[in-house]
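Student: Before I ask anything, let me first share the structure, which is written out below as structure tokens.
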Amino acid sequence: MASCAAKGGCPTDYIAIAVSILSFTVLLLWSIIPFIVHKVPRTKGSGFWIPVIQVVASFILLLSLVISNNYLKLGDRHWWRSCYLWGVWGEGPLGFGLLFSCRITQASQLYFIFVKRRLPLIRSYIFLPLILLPWIAGAAVIHWMKPLSSRCHMRAQWTIPVISLHSLYIAILVGVTTAVHHIEFRFDELKDLWRGILVSAVSIAVWVTAYTLNEIYDDISWLQVASRFMLLVVASILVVAFFSISSSQPLLSQISLRRRETLEFRTMSQALGIPDSGVLAQSEPILRIDPNEPLDKLLLNKKFRQSFMAFADSCLAGESVHFFDEVYELSKIPEDDCVRRIYMARHIIQKYIVAGAAMEVNISHRSKQEILSTSNLAHPNLFQNALNEIIQLMRTNLARDYWSSMFFLKFQEDSNVRSNEYELEHMTGWNFSPRLSSVHGADDPFQQDHLLKSSGCSSDTTVL
């Protein structure tokens, strides 16, 4: 026990490493399952790369703990096992610091979007390095002063500043979370923030305790082994509990986290509970198509919109119709329901408006900047100018070809069939059904005989 306590390689060390490998595997699967199993298209921007940075930072943190704290019996230290490389830079800016900076960035995005009702003023790829700067500066000072012992432990006078830096970032995260706690989020954003705060606070407490025990009672072998075991196990729990995609991709978080639920949300409108979204209503009106009618009026009918969308998709120009469809779904949300309107507006912006979006629409620079710089994401006319441009684009590039396409002919055929069925079902005084006799009740001898037997009447006949 005494030998492995100093040089590493105790059974508990290998158990802790196995736990860390398992936790990172879970984290990795958690982050890639939506893209592999559900074939979710990869988004561009912070919604994709912030979770990726979280996964990378988690790996660096766990690996740094293993190497700097002698979990493996590797013999003499070489330059690649330097305490300052792994114990300072790996566990600090590139590990714990990067994880915290990602969560603060996500929390600040929620604050601007749902409290200020506008997109963040500073881009995420600028904001994240700014948040990380104190960690980088602290690591540089420690590397320059070289206060670490041969076991990669800091001296007592350096412990308080390091703990204060960790506590400062927890306090910042608590402050931002408190600022958004009154928002009635539709997904798991707030729960994920509080969970990250709780787990990180516990992790710091365990780290301080383990450091204190190792420094004060360095002659007690079992205490060193036990504290080292707890340190890596708690860090393994931290990287899984700290990971979150609900803040940047709420719809994707529902797909990846609720695998056991029978209901899977395919669109944001369905996830937000917008009425008649994703399915055709049974009472959808029968529309007689007149090509001379305005296209925007015809697109209000869901059956026609789906037919027109299928045609546009076949021409590889479906993003305009999809944009119209989602803006129409947004219009169904009441104006006083700001949270759901903001969810839907942010989804539309990320999917159709931002540069490099998955289905970026062709609108003018003026309309795009008008949307991206808005001071109210819940404004009812946020996308109106862009929508006018899109309708004009569809009228010019798609409508004329649609009227002569097989998609329109099939739509007309389906509309005629539905119209005939509707008329037959509403013929008064007749009992029509494809599986029953269409003979009028008074002239049907089988029905008459049945009624006489069941009612006990001998002369009167009931007409259905």
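Heads up, the Cβ atoms here are built off N, Cα and C, so glycines get one too.
Got these off TrEMBL a minute ago, pasting:
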TRANSMEM  14-36  transmembrane segment
TRANSMEM  48-72  transmembrane segment
TRANSMEM  126-146  transmembrane segment
TRANSMEM  158-181  transmembrane segment
TRANSMEM  193-213  transmembrane segment
TRANSMEM  225-245  transmembrane segment
DOMAIN    294-412  domain 'RGS'
Student: Roughly where does the domain 'RGS' (294-412) sit in mean pLDDT, to the nearest integer?
Tutor: 93
Student: Based on Cβ pairs under 8 Å, which of the stretches 14-36, 126-146, 193-213, 225-245 lies most in contact with the transmembrane segment (48-72)?
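Tutor: Per the Cβ under 8 Å count, 225-245.
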Student: Report the DSSP secondary-structure composition of the domain 'RGS' (294-412) as helix, strand and coil residue counts.
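Tutor: Helix, strand and coil residues of the domain 'RGS' (294-412) number 80 helix, 0 strand, 39 coil.
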Student: By a Cβ-Cβ criterion of under 8 Å, what residues six or more beyond either terminus of the transmembrane segment (193-213) are in contact with it?
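Tutor: 100, 103, 107, 110, 153-154, 159, 163, 166-167, 170, 173-174, 176-177, 180, 223-224, 227-228, 230-231, 234-235, 237-238, 241-242, 244, 247.
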Student: Restricting to the same chain and to residues at least six past its boundaries, which positions have a Cβ under 8 Å from a Cβ of the transmembrane segment (14-36)?
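Tutor: Distant contacts of the transmembrane segment (14-36): 42, 51-52, 55, 58-59, 62, 65-66, 71-72, 228-229, 232-233, 235-237, 239-240, 243, 245, 252, 255-256, 259.
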